[in-house]
Amino acid sequence: MRVLIEENYREMSKKAALLVASQVILKPDSVLGLATGSTPIGMYQELAEMYKEGEIDFSEVTTFNLDEYYNLPPEAPQSYHYYMKENFFKHVNIHPARTHIPDGMAGDVEAECQDYEEKIRRSGGIDLQILGIGPNGHIGFNEPDERLNVTTHLVDLTEETIQANSRFFDSPDDVPRKAISVGMATILKARRIILLASGRNKARAIKETVSGYVSTKVPASLLQTHPEVTLIIDKEAASLL
């Protein structure tokens, strides 16, 4: 596990964008695993700027997002479909048919989860997976638990995650209680992984990810078992290392 500590959020975002750009330049038909939340926004902005400057081409890239809220329409401003369109997809030349996000409105959730796994498999697997991390160490919506689902699944969100995400909604009561999330085994099959973290509220989770016991109680700690993981974090997130 490689840990890169940057001065601040902007420098963290720039470093992450450079690593993603290098992947796409070296392999134009890369399959990228993408994350949402506040942390990757700066990285997406940097990548969009690089595209505008003619430094990177996304026309052959395929993407798979980690998760989506269950029973939240894709046009809702809090949905990850909306997030990805507004923060990244509409700013670059990625083909809509090559972008994949779990269908939170699927009538048959189990079939949707199986289909999502099959799409990842048919694509050849994830070349580079981008991850954020929750204050409790969750990855995607893989919440701390006695055991974790290995593949894409429907998950009950913890109260801590609901409260953390309530800033995107009018109130905590409006936050969906369930989400569809790619599982940890699928995440760990990615050839390379980059995890981003910014802010002092992520410091304990980062410490446990880097040097804690490997445990499903801290899902991010499972990254210790992967041979190609890079953490890009700012000084505040690194404050307990």
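Backbone N, Cα and C atoms are what each Cβ position is placed from, and that goes for glycine too.
Feature annotations, courtesy of Swiss-Prot:
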type     : residues : note
ACT_SITE : ASP67    : active site, proton acceptor
ACT_SITE : ASN136   : active site, for ring-opening step
ACT_SITE : HIS138   : active site, proton acceptor
ACT_SITE : GLU143   : active site, for ring-opening step
Hey, how far is ASP67 (active site, proton acceptor) from ASN136 (active site, for ring-opening step), Cα to Cα, in Å?
17
Would you count the other CB atoms within 10 A of the CB of ASP67 (active site, proton acceptor), including those on all shown protein chains?
22
Please compare the active-site residues ASN136, HIS138, GLU143 by how many other CB atoms fall within 10 Å of each one's CB, and tell me which has the fewest.
ASN136
